[in-house]
Amino acid sequence: MIIMAPVLLILLGATEILQADLLPDDKISLLPPVNFTIKVTGLAQVLLRWEPNPDQEQRNVNLEYQVKIHAPKEDDYETRITESKCVTILHKGFSASVRTILQNDHSLLASSWASAELHAPPGSPGTSVVNLTCTTNTTADNYSHLRPYQVSLHCTWLVGTDAPEDTQYFLYYRYGSRTEECQEYSKDSMGRNIACWFPRTFIHSRGRDWLAVLVNGSSKHSAIKPFDELFALHAIDQINPPLNVTAEIEGTRLSIQWEKPVSAFPIHCFDYEVKIHNARNGYLQIEKMMTNAFISIIDDLSKYDVQVRAAVSSMCREAGLWSEWSQPIYVGFSR
């Protein structure tokens with residue numbers, strides 16, 4: 001013990017000196033990053049990039065950066081690297097700031113901000129589309145083993161209130177790194193594009209990435225202002241109804257069965273609702289379940305119509321839309 005004590009004291013002293021070197025103090029001056037730029041790298045996507053200040057004293061500490069998005073929607077986060085990718089709408093413009101920070105358990109040191117901005121794209125007010133809505137739907141692809149399911153995309157919009165009569169609109173979507181221009185439009189009575197249909201897309205049928213959609217336009221009389229929007233797939237995916245719904249009555253037991261919808265999601269990823277209706281006496285029963293079978297005890301042995309609908313369970317994806325009801329099937333007999 002007498003021999004070990006000096007060694008222990010030396011180690012403790014070295015630790016204290018090391019910690020003191022790593023702790024920020026009032027003598028450390030943090031400088032803002034330099035060469036901060038914002039670059040559009042894709043539809044509704046920008047890359048923020050900057051460099052450490054060359055005059056910054058390192059002092060054997062790990063500097064970080066705080067990024068603050070001002071517009072079109074406020075956000076705030078920290079990073080150790082000198083670039084950041086943002087998925088965001090751009091028709092309102094985009095602005096952000098970045099600063100150097102150094103923090104520990106007791107304090108936060110920060111430099112001043114470096115800022116950059118992308119101005120909103122040009123165009124006359126009231127000329128961009130309004131009420132842009134999109135839906136996706138999955139179909140089976142019997143010709144491809146690599147992608148047994150295909151996702152279609154359908155978008156609609158209204159003509160801008162101040163758009164000239166000769167305005168023509170054009171739609172593009174981006175999913176991941178792939179961007180496509182619409183080839184199949186629906187038109188209004190004046191020949192203006194007001195809807196788009198993609199029978200096959202690059203959208204993943206079980207994807208979670210944002211879907212970015214842009215509609216721009218042209219006119220001989222005015223500059224048409226572009227409009228872009230981001231869609232969460234779970235919020236716009238129109239699920240198919242369940243398949244092969246069957247129902248039969250045995251005594252007072254009404255037994256209903258069905259198969260999962262056409263979907264890339266496996267069988268355990270669905271919730272269902274069953275609707276049983278008797279028009280003669282006004283009876284209506286709606287039950288929610290996770291299995292693909294249901295038995296109901298009925299008292300009135302008359303004619304019933306049965307329908308089932310489906311939704312992807314929150315166990316597999318964020319909750320989204322219910323499918324349409326399946327076509328009604330009729331069991332029992334009329335009195």
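Keep in mind that glycine also has a Cβ here, set from the backbone N, Cα and C atoms.
Taken from TrEMBL, the feature signal peptide applies to 1-20. According to TrEMBL, the domain 'Type I cytokine receptor cytokine-binding' annotation covers 131-235.
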In the domain 'Type I cytokine receptor cytokine-binding' (131-235), how many residues does DSSP assign to helix, to strand and to coil?
-> 3 helix, 57 strand, 45 coil
So what's the average pLDDT for the domain 'Type I cytokine receptor cytokine-binding' (131-235)?
-> 94
